[in-house]
Amino acid sequence: MKVAIIGVGKIGYAILKGVKSLNAEIIGTGRSEITIERIKKEGVEATKDNDYAVRKSEIVILAVKPQHFNSVLREVSKTAWNGKKIVSIMAGIKISTLVRLTGAKVYRAMPNINAIVGKATTALAEEKDEEIEKIFKTLGSVYWVSEELLDAWTAIIGSGPAFIAEIIDAFALGAVACGMPRDLAYEAILDMVEGTVTTLKREKTHPVLLRDQVTTPAGTTIRGLMTMESEGIKSAIIKTIEAAYQRSATIGKEIDKMFENTE
Ligand SMILES: NC(=O)c1ccc[n+]([C@@H]2O[C@H](COP(=O)([O-])OP(=O)(O)OC[C@H]3O[C@@H](n4cnc5c(N)ncnc54)[C@H](OP(=O)(O)O)[C@@H]3O)[C@@H](O)[C@H]2O)c1
């Protein structure tokens, strides 16, 4: 497998580390010396020449920011894309736009920040391809979805780590309010969250059933749940995700429009 990673930034670097474990032939690109040195340090071929990198590979992973994709298009000659499989992790640019611009077979991937610890949750669109699935499985779990679900994915799975982090921080503040030392609270809360997820996954329990198991009559949990209910926590979280989804759809349209007149 010959893989080019165009733009080895934060997410490109996580992908590079993952692809390395597949013993693939890799070539990474960047603009600055810092990026080039970082790629070389991994024992991987590095270049600023995107045209050369695309020509040399079978699979091309586009990991630049969408607003920088125009410069990549200017640097890579049209014929270089011929017969390549392209995987774009750039938010917003549609498969149909990338097909029009490159004439190649195009996939989109939407990993999340957890790629840095091999625990990403990646959506791949659209047609199943074993080689591409293999690459993204090195970053964590993989789900094949239709392209129209990518905005929802961005809101739930892309922004999700930030929302969960915010909830964990609220738990820690609650612990401090009850007199628990912050560091102890933080560690214990992370273990509790991890344990809850493991229970839900392993026991295949619906969250509502788990909640009811913990909620004894006239106990402490029901008092907390009553407060959550009166404060509208559930509705706030649903609205949070819906707002992020709407924003992703709006940005996506704006980004894709940037390429309307690009040949
Ligand atoms: N970060 C995430 O968790 C995440 C998750 C899902 C999707 N994404 C998507 O991934 C893409 C990259 O995000 P990021 O957070 O990794 O951004 P980033 O850290 O800024 O990385 C982008 C990289 O692209 C390089 N670059 C820019 N123009 C280039 C060109 N013409 N040729 C070669 N390399 C070029 C930059 O290199 P220099 O630094 O050398 O200029 C930089 O290293 C975005 O489209 C984003 O939507 C990110």
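Every residue, even glycine, has its Cβ placed from backbone N, Cα and C.
Predicted, not measured: the structure shown is a model, and the values here were computed from it.
Straight from TrEMBL, the features:
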type	residues	note
DOMAIN	2-92	domain 'Pyrroline-5-carboxylate reductase catalytic N-terminal'
BINDING	N50	NADPH binding site
BINDING	A63, V64, K65, P66	NADP(+) binding site
DOMAIN	147-249	domain 'Pyrroline-5-carboxylate reductase dimerisation'
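Structure with TrEMBL features highlighted.
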residue	record	Cβ contacts under 8 Å, 6 or more apart
N50	NADPH binding site	I6, T29, V72, E75, V76
A63	NADP(+) binding site	I5, I6, G7, V8, G9, I11, G12, I15, I89, M90
V64	NADP(+) binding site	I6, G7, G9, V72, M90
K65	NADP(+) binding site	G7, G9, M90
P66	NADP(+) binding site	M90, A91, G92, I93, I255, M258
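The residues near the NADP(+) site, meaning same-chain residues not in A63, V64, K65, P66 whose C-beta sits within 8 angstroms of the mean position of the site's C-beta atoms, are G7, G9, L62, Q67, H68, F69, I89, M90, in sequence order.
Taken together, the residues of the domain 'Pyrroline-5-carboxylate reductase catalytic N-terminal' (2-92) have an average pLDDT of 97. Secondary structure by DSSP for the domain 'Pyrroline-5-carboxylate reductase catalytic N-terminal' (2-92): 41 helix, 21 strand, 29 coil. Secondary structure by DSSP for the domain 'Pyrroline-5-carboxylate reductase dimerisation' (147-249): 88 helix, 0 strand, 15 coil.
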